[in-house]
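See below for the structure under consideration.
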């Protein structure tokens, strides 16, 4: 009989009952499929009392004669050691088959879970990188976790009365703009300090450092403001000290950019990001290899990939309960890049509409091409 033959059988091993080619270990004996089926049916249907030998129980059983005498064939099954207690009735056989199928399905699910569900956490090397980035952020993040206690609300009358009409419907309140410029220099300085605390950034050529900082500065400042969105007062806290409304930020010079930052803040409030996640977002923004004019593009790209991998593994470690947390968080990088691009365009309008003496030198140095 052809078909699957278990590996534990020797080549051409024979059935101990009839001498036909064996197919496996059945009911404690190595037998062919025919004798296995005969033995099972006999026990399940209790047929052996009905068997009768015409030749006084002395028949020789082989693969030719096995179907001629059921009594002698059954006796030989018992003689060679086939176990009647291993034969299951229909209900037990169905239960066993169901159990086998359930176990098989369980193993399939477990293997699938291992394949697609395994979420690696940071390696020792990645933990060291995460530690460096987090410490850099904490050391340069104004007011730290005490920002709510330290913040001061911009007076309501500031930023509500636009006196200069900017192009494209934007409005600039010069008093609000003046207030914002007072905190912009320390805010920019903190972004620079953050970058300079990262060894991989400091190892880059000075020209690349400048390009990266000019490219990411608004993005990182926007992120730091967005994670300090307060839904109760509907304000963002700038540089850890000045709480402003959407209208004040808009009329103070940012125009539609303020809407994007506020919307980002509202969205991020459900993410419950910790300092490490904010720090890694900043590192990813900093090491953007697509900034025009860079020399060490591949080196910067490799560095960003290292941050992204450590970041993803840290997200796995944190076990957020938001569905698709990691891809959703990565989309915020795109949002921040868009904010940076919109601000670059908005900056040109501000330069036209606001007196030059109101712009701090560092502000001009970072945002002018």
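Every residue, even glycine, has its Cβ placed from backbone N, Cα and C.
Database features, via Swiss-Prot:
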BINDING   15, 18, 32, 35  Zn(2+) 1 binding site
BINDING   53, 59, 69, 72  Zn(2+) 2 binding site
DOMAIN    125-369  domain 'NR LBD'
BINDING   190, 239  3,3',5-triiodo-L-thyronine binding site
BINDING   343  3,3',5-triiodo-L-thyronine 1 binding site
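Taking the Cα atom of each, residue 69 (Zn(2+) 2 binding site) and residue 18 (Zn(2+) 1 binding site) are about 12 angstrom apart.
Residue 59 (Zn(2+) 2 binding site) sits 100 Å from residue 190 (3,3',5-triiodo-L-thyronine binding site), counting Cα to Cα. Separation of the C-alpha atoms of residue 343 (3,3',5-triiodo-L-thyronine 1 binding site) and residue 239 (3,3',5-triiodo-L-thyronine binding site): 17 Å, rounded to the nearest whole number. The Cβ of residue 35 (Zn(2+) 1 binding site) lies under 8 Å from the Cβ of 15, 17, 18, 20, 26, 66, 73, 77, each of these being in the same chain and 6 or more residues away along the sequence.
Taking Cβ-Cβ distances under 8 Å and a sequence separation of 6 or more, the neighbours of residue 72 (Zn(2+) 2 binding site) in its chain are 53, 57, 58, 59, 61. Residues 15, 18, 32, 35 make up the record's Zn(2+) 1 site, and a Cβ search at 8 Å around their centroid adds 14, 16, 17, 19, 20, 22, 31, 33, 34, 36, 63, 66 from the same chain. For the Zn(2+) 2 site, the Cβ centre of 53, 59, 69, 72 serves as reference, and the other residues of the chain with Cβ at most 8 Å from it are 54, 55, 57, 58, 61, 68, 70, 71, 73, 75.
When the binding-site residues 15, 32, 53, 59 are compared by the number of other CB atoms within 10 angstroms of each CB, 53 has the fewest. For residue 190 (3,3',5-triiodo-L-thyronine binding site), the same-chain residues 6+ apart in sequence whose C-beta sits under 8 angstroms from its C-beta are 140, 141, 142, 239. Mean model confidence for the domain 'NR LBD' (125-369) is a pLDDT of 88.
Cβ neighbour count for residue 343 (3,3',5-triiodo-L-thyronine 1 binding site) (all protein chains, 10 Å cutoff from its Cβ): 22.
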